[in-house]
Amino acid sequence: MHSCLNQKKPAMALFLALLLLALSGSSSSAAARASDHGDDYMIVAMSSLKLKSACLGHRVTPPLNSTWMPLDLMDGPCSSPSSSSAGAPSIDELLRRDQLRADEIQKRLSHNVGDDEANGPANSKVTQVNHLAKIKVELGSRKPAKTTASQLGIHPAATVGGGAGSGTLLPGVIQTVVLDTASDVPWVQCVPCPVPPCHPQTDTFYDPTNSGSYAAFTCSSSACRQLGPYANGCANNQCQYRVTYPDGSSTSGTYSSDLLTLNPTTMVNNFQFGCSHADQGNFDSQTAGVMALGGGPESLISQTASTFGRTFSYCLPPTASYVGFFVLGAPGVAASSSKYVVTPLLSDNRSPATFYRVLLRAVTVAGRRIAVPPAAASAGAVLDSRTVITRLPPTAYAAVRAAFRDSMRMYPAAAPKGSLDTCYDFRGIRSVILPRVTLVFDRDAAAVELDPSGILFNDCLAFAANRDDRMPVILGNVQQQTIEVLYDVDGGAVGFRRNAC
């Protein structure tokens, strides 16, 4: 990972000294620190961490893969034209929602709570965290005559029946869905869906009555019987589902199937999903539902296992001004490639199958290694695409914070923001000298250096503390930014490829 850096090491001190002359607000102590410890620090332009007014597209050429799909972050210029950052929550509100999600994930991973409590508070009035990754899909199909568009989608060239009179199925409606690695049941809002109890959405509502390939599961169907904790009874001989998320939000409706189109070359027949007629929690209007990527049998990953082998990856961009990607199936670059840092997936029959966990051994800050307490390390670190800020055991967090503050003592401190207690006033400063931060996983060679956008969030250190050292680490999506995270579930491994988007 550091081969290029090592080759340039002899010139690093001189390079930093010359560059620092041009930096606004740099101090002599900062120059000395960067010069003395060049490999442990990096110079970061503050403008690279700020949201731009226009969408700048891909920073890196996307991978060559037939199932590739563009991915963007909520409330940014790359989002839908009708969306606006004016409706985005404040940083304090975003962090409050994020804490709710982290708390409920911890409850579900605890072995001493009941199922109802573990699935989240049924009557919580909370909202989605808005620093979310989302993709656009199509669901359903419509016939060319006497039928109007309204489905999650099908490719225009698809046909049914095969005979001269069978007809060509036309595209359905595009639906924007949030990627969620900590849930199992995919869903979108379906007509009838009055607002409330449904949430308003900018996408056209999916109407199952207009689809030529839609079917609701009967109460006696195997799909309904296998819903387990997500089963919610029967209505008019149609299987009902309910999902409560870690942040307390929920969705309920009819468990159904239809044709899902991810891109012009990738379709999933009889895709099983929740046809939601009610949700709770004030979901964002930019999204129509959730694309569940968890380890349970209902998720997109499990449903497509025979074709794609329970393998997927994504890369979240550094800011909402850029576009990332989502890939179903093996990436263009083999997981065994040296471009990936690979660590094993943990398996524990006592924990929900939903979660993907890895073993985080340590965090390094400016070359200082800070170990994760054994109790927390053994519990595993949950990879979550919807939690924003990474949660560390308090002992490890205190040490990470101390090392970071020591490395940043040349910059004026600012007031804390919610759960982020190490913030800075960078006004008037064009570039900062930032300590390198690395996550060290099982097999110490599995070390992943974070992008600057994964270290600072709203000018604060992008980590927070759990309530005690026994609680599992949660690896949030800020730390995953610019890194392709590859989940090889059948192979029992997770790969990380830096600078992927």
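Cβ atoms are placed via backbone N, Cα and C, with glycine included.
Where the annotation comes from TrEMBL, it is an automatic prediction and has not been curated.
Lifted from TrEMBL, the feature list:
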type: ACT_SITE; residues: D180; note: active site
type: ACT_SITE; residues: D384; note: active site
type: DOMAIN; residues: 160-497; note: domain 'Peptidase A1'
type: SIGNAL; residues: 1-29; note: signal peptide
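On the 0 to 100 pLDDT scale, the model's mean across the domain 'Peptidase A1' (160-497) is 91. The two recorded residues, D180 (active site) and D384 (active site), have Cα atoms 7 Å apart. When other Cβ atoms within 10 Å of the Cβ of D384 (active site) are tallied across all protein chains shown, the result is 24.
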